[in-house]
Amino acid sequence: MSSVSGVRTPRERRSALRSLLRKRRQRELASKVASTVNGATSANNHGEPPSPADARPRLTLHDLHDIFREHPELELKYLNMMKMAITGKESICLPFNFHSHRQHTCLDISPYGNEQVSRIACTSCEDNRILPTASDAMVAFINQTSNIMKNRNFYYGFCKSSELLKLSTNQPPIFQIYYLLHAANHDIVPFMHAEDGRLHMHVIFENPDVHIPCDCITQMLTAAREDYSVTLNIVRDHVVISVLCHAVSASSVKIDVTILQRKIDEMDIPNDVSESFERYKELIQELCQSSGNNLYEEATSSYAIRSPLTASPLHVVSTNGCGPSSSSQSTPPHLHPPSQATQPHHYSHHQSQSQQHHHRPQSPPPPLFLNSIRAP
């Protein structure tokens, strides 16, 4: 009837209108995609980002949904390009090497799981919070003699050792990494020790829930370069970041060690700091020993050391997941053993035997923290 009279029925008019709207929507989407690609191409050709006046509108989620509905093959390509799960989270294994960190992801460590979280999906980061950069940390390193009290938590970790402090002035990344971590997490306890003339740092987080923003991680890696390995692990139920030096690069920055040492000697160590080192004494001893094993690339899976302050052996578990060993070995070089007169015969005999069988290179022993730190 409609073909005879030349008048369309309401159903035909609605069908034609839907067809027209569909074609118009497809043309608009195609023009958006083409303008986005052309804008990116022109920016790459000139080596500069497009100016705000030339900026093109970005595709919305609704636009992507319409495109994928019309072209399912593009949806598959888009999913193959994604390196993280759609949820924006990815579990990590410990110990975690920061050099394997994915860009633009934060770290969430808690008793419920350890994950890398995409920055856009992170609920802990604040948009208006500005963290320092590696350059800011270098400026703070240069001006540290004028900001002793501001960075006093860092100097407590030296236990007033002039040898360790002198090494730190030739290794700016140690201070830089601490400075960046402290800006993101204030409840940390750093301490230093030396192996073969190289300074290393371990940072203990006092809270079980730790969030490290992606900007902080990026700046830490910038400061560390290839000379330092930065790893995160959980040791004795505490989150620990270890910064181990592999090579000392020549630094053009010179710090007056005499002035720095004099100001640090004038500082009093608070009671709570002494108590924290007393509380972490076994953890500190374990980290010093395990870092020495990593640097010397020993294949020892587990060992036990005898603490000079306690009569019972201190079992140390290696970071590779093996259980504690029941056998005891010689006291590590950084733990001062008791005098020969107070040692039992079987302990002296065992120590002499272990020294004959183990020819480990000698290095400058770091101070024993528990003997160095005492409340005023």
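Backbone N, Cα and C atoms are what each Cβ position is placed from, and that goes for glycine too.
Owing to the predicted nature of the structure, the values given are computational and were not obtained by experimental measurement.
As annotated by Swiss-Prot, phosphoserine applies to S19, with the evidence given as experimental evidence. Packing around S19 (phosphoserine) is summarised by its Cβ count: 10 other Cβ atoms lie within 10 angstroms of its Cβ, all protein chains included.
As annotated by Swiss-Prot, region 'Disordered' applies to 22-57 (among others).
The compositional bias 'Polar residues' feature in Swiss-Prot is assigned to 33-45 (among others).
In the predicted model, the zinc finger (106-211) has a mean pLDDT of 92. Under the heading zinc finger, Swiss-Prot lists 106-211, citing sequence analysis as support.
Residues or ranges marked as region 'Disordered' in Swiss-Prot: 316-376 (among others).
According to Swiss-Prot, the feature compositional bias 'Polar residues' maps to 317-332 (among others).
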